[in-house]
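Novice: For 3-144, the entry in TrEMBL reads domain 'Lactate/malate dehydrogenase N-terminal'. Per TrEMBL, the feature NAD(+) binding site maps to GLY8, MET9, GLY10, ASN11, VAL12, GLY13, ASP33, ASN97, ILE120, THR121, ASN122. According to TrEMBL, the feature substrate binding site maps to ARG81, ARG90, ASN122, ARG153. Taken from TrEMBL, the feature domain 'Lactate/malate dehydrogenase C-terminal' covers 147-300. If you look up TrEMBL, you'll see HIS177 marked as active site, proton acceptor.
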Amino acid sequence: MRKVAVIGMGNVGAAVAHQLVVGGYADELYLYDKNEAKVKADALDFEDSMDNLPFNVNITVNDYDALKDVEVIVSAMGNIRLLDVPNPDRFAELKHNRVQVEEVGAKIKASGFHGVLVDITNPCDAICQLYKETTGLPYEKVIGTGTLLDSARLHRAVGKFFGVHPKAVKGYSLGEHGDSQFVAWSTVKVLEQPIAELAKEKNIDLNAVDEETRQGGFTVFYGKKYTNYGIAAAAVRLVHAVLSDSKEQMPVSNYREEYHSYLSYPAIVGREGIVKQCKLDLTEEELQKLQHSADTILSKAQAK
Ligand SMILES: NC(=O)c1ccc[n+]([C@@H]2O[C@H](COP(=O)([O-])OP(=O)(O)OC[C@H]3O[C@@H](n4cnc5c(N)ncnc54)[C@H](O)[C@@H]3O)[C@@H](O)[C@H]2O)c1
């Protein structure tokens, strides 16, 4: 029995739950939201899709005791309207979300949950730390989607410039899931060729690719005032890695002792959460950017 929970049934949580249902990723799905009418409506809507789907999923609403036997919890709660301000910063949600995480984290702990918690709620890296503290889970069992989404945006942008599919692009955006993240170009390859070499050959300006990567998320956000499908795909990939113990390498937010912080850096994900932290051969400049990103996460989390 694959048991998965999604907490927060807004734009993101509903997209995650939908992908879990139509993709047949779970046998038991537990949905939670303070807005009971919304979560019940989504649950019924999913049940109405069951007759026309090749999979069955049993759905339960707002039962926190049931978390005891759940394998993966996805946190998608928050308040996206707080980001709809001029020059938004993902830390704009921290004050609000800290209170929600304290409340929900205590309920998760009380349930006896001992699986893996995947956090989407922003600011992702700071919220992972808060979940770790409030749930009492070990560091390796609290994982943030982090720059898994930003790396997918990078792969899309590189694919567009170089005329290849995003899957033909490897490499990472690292650090904060926020403004201080950066593309570690030394890790990026297109069809196995280092991107710096190929960019020279094809006379492509990597700054333009960087800009396209950064702007992608904003274009989606300002078009509809939220983003959901890209992040849902990232979160479900993580859920699947845990459920199937796939031991995939992914750039996710994980606690890095050397930076005293959660931040995105590739790690191997399996049934027990982060089963191994990877080691990249970054340039001196990239190492400095990563340190700056870690410092930013810690100082912003303390300031708010
Ligand atoms: N990490 C990423 O890459 C990424 C990408 C997109 C969105 N996000 C974040 O995901 C979160 C959700 O985004 P959204 O667009 O779905 O927001 P939203 O405002 O549409 O939905 C949030 C939902 O959470 C619910 N909620 C709030 N507090 C709760 C609590 N204590 N218990 C249960 N439910 C609670 C609300 O009722 C609401 O339905 C935000 O924090 C957003 O910034 C992260």
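Placement of Cβ uses the backbone N, Cα and C atoms for every residue, glycine included.
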Novice: Over the domain 'Lactate/malate dehydrogenase N-terminal' (3-144), what is the model's average pLDDT?
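Specialist: Summarising the domain 'Lactate/malate dehydrogenase N-terminal' (3-144) by its mean pLDDT gives 96.
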Novice: Can you figure out which of VAL12, ILE120, HIS177 (the recorded positions) comes closest in space to ARG90 (substrate binding site), comparing Cα atoms?
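Specialist: Going through VAL12, ILE120, HIS177 one by one, the closest to ARG90 (substrate binding site) is HIS177.
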Novice: Sort the recorded positions GLY10, VAL12, ASN122, HIS177 by C-alpha distance from ARG153 (substrate binding site) and give me just the closest.
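Specialist: Nearest candidate: HIS177.
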Novice: Express the distance between the Cα positions of GLY10 (NAD(+) binding site) and ARG81 (substrate binding site) as a whole number of Å.
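Specialist: Per the Cα atoms, GLY10 (NAD(+) binding site) and ARG81 (substrate binding site) stand 11 Å apart.
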Novice: Among GLY10, ASP33, ARG153, please name the binding-site residues whose Cβ is nearer than 6 Å to ligand 1.
Specialist: GLY10, ASP33
Novice: Kindly assign ARG81 (substrate binding site) to one of the three DSSP-derived states: helix, strand or coil.
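Specialist: Reduced to three states, the DSSP call for ARG81 (substrate binding site) is helix.
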Novice: Which is it, of ARG90, HIS177: the one of these recorded positions whose Cβ has the most other Cβ atoms within 10 Å?
Specialist: HIS177
Novice: Can you check what DSSP calls GLY10 (NAD(+) binding site), collapsed to helix, strand or coil?
Specialist: coil
Novice: Which of the listed binding-site residues (GLY8, GLY10) has the least company, meaning the fewest other Cβ atoms within 10 Å of its Cβ?
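Specialist: Across GLY8, GLY10, these binding-site residues, the one with fewest Cβ atoms within 10 Å is GLY10.
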Novice: Measure from the Cβ of ASP33 (NAD(+) binding site) and count the other Cβ atoms within 10 Å, all protein chains considered.
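Specialist: Excluding its own Cβ, ASP33 (NAD(+) binding site) sees 23 Cβ atoms within 10 Å.
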Novice: Measure from the Cβ of VAL12 (NAD(+) binding site) and count the other Cβ atoms within 10 Å, all protein chains considered.
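Specialist: Result for VAL12 (NAD(+) binding site): 27 neighbouring Cβ atoms inside 10 Å.
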